[in-house]
Amino acid sequence: MQSQNTPAAGRYPAGGLAFPHRDLTGIGQLARHEILYLLDEAEQWVELNRQSQKTTDLLNGLTIINAFFENSTRTLLSFEIAGKRLGADVVNMHAATSSVKKGETLIDTAMTLNAMRADAIVIRHASSGAVRLIAEKVDCPVLNAGDGQHEHPTQALLDALTMRHAMKLPAGSDLNGLKVTICGDILHSRVARSNILSLTALGAEVRVCAPPALMPAEIEAMGVTPFHDFDAALKGANIVMMLRLQQERMSGQFIPSPREYRHLYGLTPERLARAEADAFVMHPGPMNRGIEIDSTVADHPTRSLITRQVEMGVAIRMACLEVLTRRARRTPGWEAEGASA
């Protein structure tokens, strides 16, 4: 990796105010300096979460609704912990117990959520674009916790923060020169899309690897190098990010068999040796051990960053909630914030 401490040109000043977005619906809406701003805002929460006293009252009196229309464990738990550590009242709404199961439309749901006068709504939905639609119908900030095959912005942010910590880069640093290989179901993965957007914006060299049937046709237009040969994609990589096969989004037969997929695209200790000697391994979860990643790799004591990703996820989500609720809290400078989606 070269140029490990590239300064963040055009970054907001220390304690900067003007984060111009009311909502966070995707990485695609953010400029490079805005991504860096959120990463840097998360640093204070990384430190707080490592203390015995992990809570603050910054969001005291505010209500956050986690509206999850798609099953989730780690993302929902991460957002719930983030909100509670900031002092907010957090309410979780699960699709299985919601009126959506009874035929309520998404617009009706949005109107209902808006009438509850929440101060922020976190949404996860199986349909691409659903989060943006709800954001257009409510009066409070909306955070995208994953929508269909579109985006998962906080996952990309936590992944970038994890990489920055693993490479021992200080606050304000981008990822210029970092070589990142992402392997798995690129076609159906919102995590891949959001990571590609954030990593290329931060200066990383991104390679994506997948079987031909799981590689988007237009992927090179996103500024990445596509591979179908995993061994070739690993050469020189500093970070190897594995993605699971998203069987729930597949309508046909995309791979011959799990066994054949593991043979060609599974990350084993032998295959990891083709990357840089000190390369790190990441996975957004949930993992399919023995298919896209071996347990010996996933659980490696020094090279696996998987549990650190979970740790950084809480800090990133605390940062996003704190920044997007400044308007509701009348934090100094809030007038300059929340102007656009």
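Just so you know, glycine gets a Cβ as well, placed from its N, Cα and C.
Straight from Swiss-Prot, the features:
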type	residues	note
BINDING	Arg74, Thr75, Arg124, His152, Gln155, Gly285, Pro286	carbamoyl phosphate binding site
BINDING	Lys102, Arg190, Arg244	L-aspartate binding site
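A map of Swiss-Prot features onto the structure.
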residue: Arg74; record: carbamoyl phosphate binding site; contacts (Cβ under 8 Å, 6+ apart): Gly285, Pro286, Val310, Gly313
residue: Thr75; record: carbamoyl phosphate binding site; contacts (Cβ under 8 Å, 6+ apart): Phe68, Arg124, Ala145, Gly146, Thr154, Gln155, Gly313
residue: His152; record: carbamoyl phosphate binding site; contacts (Cβ under 8 Å, 6+ apart): Asn144, Ala145, Gly146, Arg190, Val191, Arg193, Ser194, Pro284
residue: Arg244; record: L-aspartate binding site; contacts (Cβ under 8 Å, 6+ apart): Gly184, Asp185, His283, Pro286, Met287, Asn288, Ile291, Glu292
Point to revise | Local backbone state of Gly285 (carbamoyl phosphate binding site), from DSSP in three classes | key: coil
**Study point:** For Thr75 (carbamoyl phosphate binding site): DSSP state (helix, strand, coil)
**Key:** helix
Revision key, fill the gap. Taking every pair from Arg74, Thr75, Arg124, His152, Gln155, Gly285, Pro286, which the record gives as binding carbamoyl phosphate, the longest CA to CA distance in angstrom is 16
Exercise for review: Ten-angstrom check, please: count other Cβ atoms within 10 Å of the Cβ of Arg190 (L-aspartate binding site), all chains counted.
Suggested key: 23
Point to revise | Candidate with sparsest Cβ neighbourhood (10 Å radius) among Arg124, Gln155, Pro286, the listed binding-site residues | key: Pro286
Check your understanding: Given the carbamoyl phosphate site residues Arg74, Thr75, Arg124, His152, Gln155, Gly285, Pro286, which other residues of that chain have a Cβ within 8 Å of the mean position of their Cβ atoms, reported in sequence order?
Key -> Ser72, Ser78, Ala145, Gly146, Val191, Pro284
Revision key, fill the gap. Arg190 (L-aspartate binding site) -> DSSP, reduced to three states, gives helix
